[in-house]
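The structure under discussion appears below in the form of structure tokens.
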Amino acid sequence: MRIIFAGTPDFAVPSLRAAAQRHEVVAVYTQPDRPAGRGRGLTPSPVKLEAIARGIPVFQPQTLRSPEALATLRALDADLMVVVAYGLILPKAVLAAPTHGCWNVHASLLPRWRGAAPIQRAIEAGDTETGVCLMQMEAGLDTGPVLLSQRIEIGEQDTGGQLHDRLAALGAQVLSDGLGLLRAGIRPVAQPQPADGVTYAHKLDKAQARLDWAQPAQELARRVRAFNPWPVAEAILAGERVRLHGAVALELAHQQPPGTLLAASKQGIDIACGEGALRVRVLQREGGKAITAADYLNARRDLPALR
């Protein structure tokens, strides 16, 4: 089976490997190289690096809407296009080009968390489970019928990065199952998404990572987990801005204003919130690396009252 694969970040790499294992991936589409790192040099996407390692031709158009881009894609004569976190909108003509259309691996249980950041939004919202859907793509944003799906639990301490890796592996397995069925001549039954329960996972940005101590500690702890490893939660602690890599909520009654440091030990730094307190365990000062609360306290000798 001739497959076009379209994807860009790390999340898509296991799915590319799954597609290439038993099928002919005739081309990989990925985002153009972007400036990255301290030198801001052009950096290829993880999917591009994987494709090059496998000897698969790589295409990096700025858009798929041009007649030239469509002609190039059609000339590949693909049976199926698999899309995993590609980052470009596919026009209707592209969706209709392959014999079996376009499949998408999406990291949520649709219709919950359509959109760009389903993994982080699930943690942020306090969801206890999530999963992966293999979807037949249509013109709407993640609105297509679901072909296959798998569920997993979200652990109480799962970070965005940890859940990302588990779902990337699960997505590859679900895709492999779907491709196996199609190769055997069995087209997965397309189940329309229900009209109820639709939510949207809006794109992450650094501004959303700034914590407000007036919010409940439970909400803040979930955001710390969700935004690890990016964009990483940040807040004002003891008069300086820090990034929070690890924290837990405490059901602690207090009468202190939000943001007040309540206690500190090698177990963590307890900060008053609108409800309860947040115990910060791992944090990062500006220009530094992530350190434990104990190491932070050793560096902040100006806080004797907290020891």
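Any Cβ shown, glycine's included, is placed from N, Cα and C.
Feature annotation from Swiss-Prot assigns (6S)-5,6,7,8-tetrahydrofolate binding site to S108, L109, L110, P111.
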Query - Neighbour tally for L110 ((6S)-5,6,7,8-tetrahydrofolate binding site), based on other Cβ positions within 10 Å of its Cβ - result: 25
Report summary line: Cβ neighbour count (10 Å, all chains) around L109 ((6S)-5,6,7,8-tetrahydrofolate binding site) is 21
Report task. Fewest other Cβ atoms within 10 Å: which of the binding-site residues S108, P111 wins that one? Let me know. Result -> P111
